[in-house]
Each structure stands twice: as structure tokens, then as C-alpha cells.
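Enquirer: Below is the structure I would like to discuss, written out as C-alpha cells.
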Amino acid sequence: MNGKSRYNAEFSQLPTADTDEVEGTALFDESREIEEELLHGQIAMPPEPRGDNPLDALIIKVGYGSFQKKLLVLCGFGWLADNMWLQCIAIILPRVQDHFDVEDRLIGTLSSSIFMGMMFGALFWGTYSDSNGRKIPFNTTLAITALFGLASSFAPTFWSLCLFLFFLGFGVGGNMPTDGALFLEFLPKTHHYLLTFMSVFFSFGAVIASILGFVILPYTSCPEGSADDPNPPCDVSVQNRGWRYMLFATGIVTLFMVVCRSFLFHLPESPKYLISRHRKREAAQVLQRIADANGVKMTITAADLPDPCRPVKMFAIIDSDDELEDGPKTRSSDSYSDTSPILSPSSSDTKLDNPKSYAEKIKAAMNPEKLQLLFNDKWRVTTILVWAIWTFTAVAYTMFNVFLPKYLEMLGFAGEAPPTRADVYWDYMVYSIAGVPGSVIASWMIETRLGRKGTMALSAFGSAIALFVFSVISSRITMLLSSSAVSFLATLLYAVIYGYTPEVFTTEVRGTAVGTASALGRIAGIISPIVSGILLTISTVLPLYVSVVGFVLVGGCVMLLPVETKKAT
């Protein structure tokens, strides 16, 4: 019997969509026992795949077309907003300091506030998307960001501004874990490299923020000092409103993206998530819609999809490459891959047609069993190293990037005139634009012999070298070249990190894994600006040396990663 005939014969015997709920309820006890054994490490996950599972094969047949191209842009908006707001805060930081007369040791609180919100947002929205689907976070996170972004432009005090930025961060912090996982689950495996390419939107976020800063701030901020009058008088309520204009403009850009997501595109739920919840009929409808949008002539029914109600095939003791204990023989054509939908820990106690209340959804989103899964024998080393990579990268990049406009204003070179604010914002715009090619080149490099790990290691060590050069610069042109190199290499590094993390984890823990990693990065982002502000009072270059060490540690952790996802995709 050929592969296609065997596929049809096997799946024609599976329950149809009409029997999904009955079968799912009947398997409650069995699936719960399996979950308990999995959480305590008594059974192993399935082996790495040697071929496509039925769902992946079906998604490949559905193809890459109009639907995924639109989704690429709309998911990219989330990543764009993430970096746009981070760069916006970095750019306005000196002007906010002037406005509210904040000390150097406290001004880092501004950036820490948005990072703290991002930490809670990444944790909440990542686990929420695993328990309740990707659709609600996709439509909600940017709306929260736009609302508090606009509100922050009217903040009457420094501490109220910090509060608004915290809630803004809670919204924008959900974009990285949910949008990446969502886009990946709609992609054919042949196009997984596009998840790395999507980081080009992250770079464009910095470019948009730097352009707004260059256009708005030099002409709507307090007068610049001179040798004769280093501190000219300034009526901040009238002369220093540029930072408010910039926050408002950034909020309008975010609001435009919300409108595009909400009214120009109707997002269906992820088919992999639906199958993991025994909702095969809905998953078939989603895949049919994608096929129609892509112009692919095919009919998809629930019978064509793998059934999550056969837990032995998904969670089993591995006896050999081809056999699962107490289960049927499996071959590469129908083995479940690392990106297969499998029965998630909370799905067995959820009836299909029994809608949850909002409170129940929040409780499910914070399910600790998701985190326990990340520390079983299969995931422990990968989880720890991925978390370390996100943390050290955030420390290294944030300590440099958050205060870069301030560095550019503070640094002076013998024989050169002090830079004007227009010069500073021009240099920052060049720095931001230099990061754009990083995302594009990253999507090519990961498919070469370097793979994901080699590309991350090369960019991490390269960033450390470029940062060290920046710390010992002797001219403005050297400063511009070295900072541009940091921007290019750090963007390349982030692009691969953002793609590697959802690739290496499976569907049932992907949102939690990415969300937790992102949250740790945000914790580092909370601490780093405060530490940088304190270190700046000691020496201008001290935070830069800490950044160099951080990037070196990232490179070391990358080299220890046990999994290269290039082979798996």
C-alpha cells in the first residue's frame, strides 16, 4: 500500500468532527494520567521527525500565498510596535529629563516602567494564547498599546508618565510571544525562514521612531546651551512639548495598525491550536479558507486532519525509532513532528462547547503546568539556555541602546565642535537604519551552513567587538560606524532569537516558552536602565563595558544549545 493510500485508510477510520466532543470527554481520565506522567518525566516526548506529519503536509499543500502574506504584514505590525515604542522612549528620555528635572540616577525609571509592563504582558499574553488561543491576544495587545500611548502624551507628572508607560508595555509586551507563534503556525514548514525575516518590521519600528524624533524634537524642545550660556532659560510648558508630540504621533501610528488588524483582515484561530482542543471541524474550515485565499483548489474536511484523541501516539514511551510502546507502528509519513499539535495539559478538562468565562480564561492562562512542561527531561537544558540568551541579550542591548541619545549628547571629541540636537537625532536615525539589513540578511544566513546557532553566535561576538570599539572611539565618524555596526549585528541577533525560540518549542508550550523568555528579557530591561543611570554617574563608558560582557555571554550560551532547528524545518 503506498503512502497516500495508507494515509487515507488510517484517517478514514478516525472519528468525524461530530464525534469530537464525545471522544474527547471519554478520554479525559486517560489523557490526565498521561499528562501527570509527562510532567514528572516518566514518559518521553516523541522522537524528532523524519518527515511531515499529516497536518504539516496538509499546510504545505495549502501553500504560501495571499493569506500568509497579509498575515506577515499584520503580525509584523506587532513587532514593529514593540521596537518603535522602545526607541521612542529612548529618544525622548533626555527631553523628559529636562521637562521634569529628573536626576540621572532616576531617569532610567522611565524605560524600566515600559519594560516592567512588557514583562507582565509577555507572561500573561503568552500563557493566555496557549490556553485560550491566539486570536484574542492578536486583536487586543495593539489596542491597549495605542490607548495608553496616546494617554501618555498628556501625562502631567513624571510618575504618571511612568504609570502610563507601564500599561502601554503590558499591551505591547504581548506582541512578541503571540504574533510570532501565530505566524509560525500558519506557515508551511518550507517557509519557516520567514519568521526570521519578519524581524525586518522590528527594525522598521526603530526607523519610524528615529524619523519622528529627527522631525519633531530639535524644533520643539528647550533651547540648546552654548559656551557662553550652557543652561539657557526654558518654559517647559511651552518650549519643551516635543516629547509629548512624539508620544502622540507614535500612538497614532499604532492606532493605524489596530485599524488594519481589526477591520481589514479577519483572523481565524490557529488550526494547530484548534486541533489540540479537539475542534477538528473548525480547523478544517480554517484550512479551507486559507486554501481558497491562496487560490488552491482542494477540499478539506475534518477526516483529513490528525486526531488528538489518540494520546498514545503523541505521548508514549519510546522503544525504538519505529515503534511506540502499546501503540501502533509509526513511519516518517505520519509521525508527529516538533511542531505538531498535541494534547495540551489543560485541554483535557475543557469541554468543547462549554464557553469559559473571562475569569476562567485568565486562570487557565496562568496554568503552572505549562511551566512544568518546560523543565521535563526533553526541554530543561534548552529552556535554561534560551532564557539566558534572552536575558543577557536584553542586558547588553538595553544598557547601550536606552541611553544612546544621551551618550551622543555627552560624548565630545578633541578638535570637533559639540554636536547639535539635530546632529544627535540624525546620527540616531543612521544608527536605526543600519539595523534594517540585519533582519533580511539573517533570514538568508540561517539557511546556510551556519544555521540558527552559528548565525546567533557570530552576531553576538561581533556585537561585543563593535561595542568595545564604540567605548574607545576618538572621532564622530568612528562613533557613527561602530554604533551602526552594533545596530546591524544586534538586529541580526534578535531576528534569529525571535525565530529560533518558537521553532525549537512544540505547539503545546510554544506561547508559554516564548512568553516566559520574553518576560525574562523584560526583567533585564527593567533593571538595566536603572543600573545604567547609576553607572553613568561614575563613568560614561562603564555601562558600555557591561554590554560587551553581556554579548560575550550570549555567544557562549548559543554555542551550548543542544538543538539546531535548521535541520528540523
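Heads up, the Cβ atoms here are built off N, Cα and C, so glycines get one too.
Pulled from TrEMBL, these are the listed features:
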type: COMPBIAS; residues: 335-349; note: compositional bias 'Low complexity'
type: DOMAIN; residues: 71-567; note: domain 'Major facilitator superfamily (MFS) profile'
type: REGION; residues: 323-354; note: region 'Disordered'
type: TRANSMEM; residues: 71-94; note: transmembrane segment
type: TRANSMEM; residues: 106-126; note: transmembrane segment
type: TRANSMEM; residues: 146-172; note: transmembrane segment
type: TRANSMEM; residues: 193-217; note: transmembrane segment
type: TRANSMEM; residues: 245-267; note: transmembrane segment
type: TRANSMEM; residues: 384-404; note: transmembrane segment
type: TRANSMEM; residues: 424-444; note: transmembrane segment
type: TRANSMEM; residues: 456-473; note: transmembrane segment
type: TRANSMEM; residues: 479-501; note: transmembrane segment
type: TRANSMEM; residues: 513-538; note: transmembrane segment
type: TRANSMEM; residues: 544-563; note: transmembrane segment
Enquirer: Using Cβ atoms and a strict cutoff of less than 8 Å, what residues sit near the transmembrane segment (544-563) while being 6 or more residues removed from its termini?
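Expert: Apart from its flanks, the transmembrane segment (544-563) reaches 381-382, 385-386, 388-389, 392-393, 395-397, 399-400, 453, 456-457, 460-461, 463-464, 467-468, 470-471, 493, 504, 531, 535.
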Enquirer: Output the single range from 106-126, 245-267, 424-444, 513-538 maximising the number of Cβ pairs under 8 Å to the transmembrane segment (71-94).
Expert: 245-267
Enquirer: Counting Cβ pairs under 8 Å to the transmembrane segment (384-404), which of 106-126, 193-217, 456-473, 513-538 comes out on top?
Expert: 513-538
Enquirer: Grab the same-chain neighbours of the transmembrane segment (479-501) for me: Cβ-Cβ under 8 Å, and only residues 6 or more beyond its ends, written as numbers and ranges.
Expert: 79, 176, 180, 192-193, 195-200, 202-203, 206, 386, 389-390, 393, 397, 400-401, 404, 408, 411, 413, 427, 430-432, 434-439, 441-443, 445-446, 452, 455-456, 459-460, 462-463, 466-467, 469-470, 473, 513-514, 517, 554, 565
Enquirer: Between the transmembrane segment (513-538) and the transmembrane segment (106-126), are there three or more C-beta pairs closer than 8 Å, counting only pairs 6 or more apart along the chain?
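Expert: Counting Cβ pairs under 8 Å (6 or more apart in sequence), the transmembrane segment (513-538) reaches the transmembrane segment (106-126), since there are 3 or more.
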Enquirer: Could you give the mean pLDDT over the domain 'Major facilitator superfamily (MFS) profile' (71-567), rounded to a whole number?
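Expert: Over the domain 'Major facilitator superfamily (MFS) profile' (71-567), the predicted model scores a mean pLDDT of 80.
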